[in-house]
Each structure stands twice: as structure tokens, then as C-alpha cells.
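The structure appears right after this line, and notes come after that.
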């Protein structure tokens with residue numbers, strides 16, 4: 001398990017604050033997009049949302065959340081910070097049911113609880129990343145053939161999703177735009193990690209501004225974030241927030257964990273119980289996200305409960321036990337027939 005030091009506490013607190021702000025940002029941006037009555041919507045390629053103050057408020061919240069997330073990655077491993085994004089799913093789902101009238105039934109609430117439990121397990125069994133303390137060591141990591149192959153695969157698949165799958169299936173399949181955000185987001189996390197190292201060296205007095213790698217990482221981060229914002233807006237405008245948020249979390253977390261494992265070699269020094277704990281925690285999160293997504297439109301009424309858990313039916317069932325077998329009318333007719341037989 002990750003050592004409970006000052007860096008862990010700072011990274012944990014920043015990650016929790018980031019999840020809260022990002023969860024609120026989803027709802028604010030969706031609320032702003034819903035106010036575009038009769039104007040070109042983001043799903044059709046329009047940019048009328050730029051004139052909505054609610055959308056800008058959501059963007060500001062997302063910026064604060066991403067800034068806190070940026071700082072958290074500088075203090076803690078990526079596989080410790082990223083799973084805590086499940087809390088943004090919880091915040092977004094609860095606020096969407098309140099302010100956007102999107103249904104959150106019992107299955108969704110159980111899914112939120114499972115997501116929190118799975119995140120807790122993953123935090124406890126988080127792998128230790130290989131030590132990277134300077135831009136020189138970061139540059140060596142970025143030159144690794146495994147990471148180069150991974151980055152090329154991400155870029156090629158993102159281009160295919162944008163230019164081939166997007167025009168055909170983007171309006172009907174939620175995975176198209178969310179996959180673009182998740183794949184590009186895995187690269188943005190690597191850029192954030194490198195910039196965090198650069199800032200630490202800058203504050204320690206090293207001439208980081210002369211290093212070209214820091215500027216390259218900054219430019220790549222701006223490009224990645226711009227792509228994420230654009231296609232996340234498209235997904236939010238077409239589909240419900242309760243659908244986009246959990247799917248985005250699952251895919252983004254998977255992509256970040258894969259990228260971190262390849263770049264920082266996090267899983268090489270883990271013992272078996274931590275590996276099992278990390279996988280179990282992630283599968284628990286996926287199960288919770290599935291409950292939150294798959295049964296979002298299913299009404300959950302008391303009639304679906306077992307008979308012994310339904311108070312009204314239980315009372316009726318109990319009262320039926322004390323009723324006579326025959327109705328009162330049948331009893332009256334039966335007594336009349338008996339009297340006629342006695343007279344005869």
C-alpha cells in the first residue's frame with residue numbers, strides 16, 4: 001500500500017476536491033446546453049453554448065477541478081488519484097436527479113455506493129510508480145518503445161473515431177465521443193505528470209524554462225484538453241449526464257491505468273495481494289457504474305419488492321387469514337337452505 005505520508009495526504013485531499021468540482025461542472029454545463037432553445041447545439045457542431053453563463057460556470061468548475069487534479073498527480077501516483085474520480089460520478093448523478101430531473105433509482109444509488117467502495121479498495125492497494133524526479137528521467141520514460149507504441153495507437157484510434165466513426169455513429173452511440181475523450185485523456189495525464197515534475201524543479205531553483213521538454217508537454221496538454229472539452233460537450237448534448245459521466249469514468253480510468261503502467265512501470269514491483277486488490281476494486285467500480293447506467297430508466301416501485309417487504313400487502317395478507325372461507329352472502333344463502341331442509 002501507498003505510504004501515508006504528507007504527499008499522500010495532499011494528493012488525496014486534492015483528488016477529493018477535484019472530484020467534487022468536476023461532478024458539479026457536468027451538471028452546470030448540461031444545464032447551459034439545455035437552454036439553447038432553437039439555436040445550433042453542440043451535437044450538430046454549433047457553438048452557441050459559448051454565450052451561456054451556466055456553461056462558462058461549469059467550465060470554470062471543471063478548470064478548478066482539473067487544476068486540483070493537476071496538483072494531485074504531482075503529489076501521488078496516477079493509479080491513486082484517478083480511481084477517486086468515481087466520486088465525480090456520485091456528485092454528478094445526485095445533482096442531476098435534483099436539478100436536471102434525471103432519474104436516480106435504487107439501482108443507481110447502489111451503483112454509486114459500489115463505486116465509492118471500489119475506489120476505496122483501489123486506493124488501499126494502489127501500486128507504487130517507479131520514481132521519476134527530474135525532466136531528464138521523464139524524457140527517458142517518454143522514449144521507451146512501449147510508450148511510443150501506446151501513444152501511436154491512441155492517436156490513430158482517436159483519428160479514426162473522429163473522422164470515420166463520428167459522422168456515422170456519433171449521434172446514436174455514446175461510446176464514440178467518450179472514447180475520444182478517454183484515449184486523449186490518458187496522454188494528458190502523462191503531460192500533467194511531467195509538468196508537475198517541471199514545476200517542482202522550477203521551485204527548487206533549476207533552470208527548467210530552458211528545457212524544451214517542459215514547453216512540449218505544455219503544448220501537448222493544451223491540445224489534449226481542448227479535444228477533450230470539445231467532444232465531451234458533444235456527448236453531453238446528445239446523451240444524458242447520468243449516461244456520459246459513468247462511461248467516461250470507466251474508460252478514462254482504464255486508459256490512464258494502462259498508460260501509467262506502461263510509462264512508469266507501476267505494476268512490476270507489486271505483490272500478489274495488491275494486484276488482486278487493485279483488480280477487484282476496479283471491477284467493483286465497473287459493477288457500480290453498470291448498475292448506474294443499465295437500469296437508469298427502470299422504475300422501482302414498492303410492488304417490485306417481495307411480499308413480506310410490502311407493508312400494505314402484508315396487512316391485507318394478514319387480514320385475509322382471519323376472514324371466513326365463504327363470503328357473507330354465501331353464508332346467508334347456505335343458512336337459508338339448511339332451514340328449508342329442517343322444515344321438510
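Every residue, even glycine, has its Cβ placed from backbone N, Cα and C.
Please treat TrEMBL annotations as automatic predictions, because they have not gone through curation.
Given the structure is predicted, the values throughout are model-derived calculations rather than measurements.
What TrEMBL records for 318-344 is region 'Disordered'.
The transmembrane segment annotation in TrEMBL covers 6-28 (among others).
Under 8 Å from some Cβ of the transmembrane segment (53-75) lie the Cβ atoms of residues 7-8, 10-12, 14-15, 17-22, 24-33, 35, 81, 88, 189, 192-193, 195-197, 199-200, 225, 229, all in the same chain and six or more residues away from its ends. Annotation comment: TrEMBL describes 53-75 (among others) as transmembrane segment.
Here TrEMBL flags 81-100 (among others) as transmembrane segment.
Among the features that TrEMBL reports, transmembrane segment is placed at 107-126 (among others).
Positions annotated as transmembrane segment by TrEMBL: 146-167 (among others). Below 8 angstroms of C-beta separation, residues 173, 176-177, 179-180, 183-184, 186-187, 227, 231, 255, 258-259, 262-263 of the same chain, each at least six residues beyond the ends of the transmembrane segment (146-167), sit close to that stretch.
Long-range contacts of the transmembrane segment (174-198) within the same chain: residues 69-71, 73-74, 78, 82, 132-135, 138, 142, 151, 154, 157-158, 161-162, 165-166, 208, 211, 213-214, 217-218, 220-221, 224-225, 227-228, 231-232, 234-235, 238-239, 243-244, 247-248, 251-252, 254-256, 258-260, 263, each at least 6 residues beyond the stretch ends and with a Cβ under 8 Å from a Cβ of the stretch. Residues or ranges marked as transmembrane segment by TrEMBL: 174-198 (among others).
Among the features that TrEMBL reports, transmembrane segment is placed at 213-231 (among others).
For 243-263 (among others), the entry in TrEMBL reads transmembrane segment.
Away from its own ends, the transmembrane segment (275-295) comes close to residues 79, 83, 86, 89, 93, 105, 107-108, 110-127, 242-243, 246-247, 249-250, 253, 257, 267 of its chain (Cβ-Cβ under 8 Å, at least six residues beyond either end). The transmembrane segment feature in TrEMBL is assigned to 275-295 (among others).
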